[in-house]
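The annotation compositional bias 'Basic and acidic residues' is assigned in Swiss-Prot to 358-398, 526-539. Sequence annotations record features per position, and here Swiss-Prot assigns phosphoserine to SER227, SER235. The region 'SNW' annotation in Swiss-Prot covers 177-343. What Swiss-Prot records for 333-398, 486-547 is region 'Disordered'.
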Amino acid sequence: MSLSSLLPTPTNAIWDREDERRLVARGAPKIGALVSAKIAAPPYGQRKDWVPHTDADFGDGGAFPEIHVAQYPLGLGAPGNVGKKSDALAVRLDDKGKVKYDAIARQGHGKDKIVYSSISQLLPAEVLAEDADELQRPDEETVMETTEETRLALEKLTNQKITSALPVRHAQKAGPAQYIRYTPSQQGDTFNSGAKQRVIRMVEAQLDPMEPPKFRINKKIPRGPPSPPAPVLHSPSRKVTVKEQKEWKIPPCISNWKNAKGYTIPLDKRLAADGRGLQQVHINEKFAKMAEALYIADRKAREAVEARSQLEKKLAQKEKEKKEDMLRMMAQRAREERAGLRNPEAAEPSGSGATGSEVRERNDLRAERQRERQRDRNLQRAAPEKRSKLQKERERDISEQIALGLPAKSAGNGETLFDQRLFNTTKGMDSGYGDDEAYNVYDKPWRDSNTLGAHIYRPSKQADSDNYGGDLDAIVNTKRFVPDKQFSGASKEAAAGQRSGPVEFEKEEDPFGLDQFLNMAKKAPKRAEEKNNERSSHSDRKRSKRD
């Protein structure tokens, strides 16, 4: 015996919301029907025990107010749809029952935003209101009034321009007098002479035509705002193709000088941003003319510089030759003075025997030779470094007959002499190559012992052997530097002949003019004394004449 058997049968159906949700979550089994069934709500008055569960139970309408159960037609207000947002727009109808599609254009804009959704909204009000009074043609009277007002306004503007340009303006005509009734606020016998009202005559003040303007009238007035731009009607949006995207792609602005963030920019992007490939390169023909003119100017300038340098070299060479001549003369004089030579005019006639002066000269010459031999021995005993330095500083004898790198000249006819070793030899390329094992580069001496240089400083047989002693080998083995040209002023006959000794120079008495300067300085006080004596004698003469 159960409890349900004891209880009476329930009159209402049992419905539990939680059980219903579980069934919906599980999903009711789908049973295919052979005949389509149309689900509809029961008719009105028979819905006592019926509860809508699906969207199909509501049909196209809303909730059922007579059923006291929470209802969510089309899912509106359902607990699961509270936080969700939908882009669906509610369908609205206009006064004629047509769907208002302007809601699509207004979507996403504020309520105060003006959105033109039809062509009629873009037309001005004059076009829409064709029957308005403002658009009607005016009558003849209105046309005449407007014409007269326009004429007067234009005349006024023209007269103002003319009068402002004139240096002297005419006096303006005074306007008519105006009469104004004035009622004072303070009434009484003590005010306004007991009068309650007054009549005031208002007259325009007279203006001075010669008075300059008081205010600045040429101030520039800013322009008013322009008319609003015309609206642009856009075509419906369509998907942009890849080609259009590439055409609309604008390269970024890349600076050639600044890169604050240190980005690594490829060269093709730099060239695209530079835009050099978009413009056609055109080289002006005057660039070639300018380059040619610059080349000609540069060539002429180089020629001028070369000519100047050649001239300077010639002048420097002449100056050098002049100084060398002067040095040769000074050396000649010094050698003559050192050797004690005298001019034949100043020499006294010598007797048959040797005088004391000649003996003294020979002794001096022997002493000088002895000093030179002592110096050579000291050089040979000196250290190698010091010896090379002293040998460089040795006094060099100069000969005008020996020139380095130049052929010698014969004494008779002046023909050029060549090295005889070069003649009658078959040592060219056609004679074949030498033996590889032989080393005959220095098999022969470069200079022959029978040349002029070997005998030019050789003492003659008539010279005194005591003067030279054992200096012959030293003189032969000594290398001398020779000039490449003759001395200026030397005769060819003397140059061609053989010389028995080195070149001797005459010493100049006063090369820098110091003796002459000292003599002038010494004579200056004497001249001053002579002038003073002359002045004193002249003054004495004048005094004697006066006396």
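Numbers here mean position along the shown chain, with the first residue as 1.
Using N, Cα and C of the backbone, Cβ positions are placed for all residues, glycine too.
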So if I draw a 10 Å sphere around the Cβ of SER227 (phosphoserine), how many other Cβ atoms end up inside it?
6
What's the CA to CA span in angstrom from SER227 (phosphoserine) over to SER235 (phosphoserine)?
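That separation, Cα to Cα, works out to 25 Å.
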Taking the Cβ of SER235 (phosphoserine) as centre, how many other Cβ atoms lie within 10 Å?
5
For the region 'SNW' (177-343), provide the mean pLDDT of the predicted model.
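Here the mean pLDDT over the region 'SNW' (177-343) amounts to 85.
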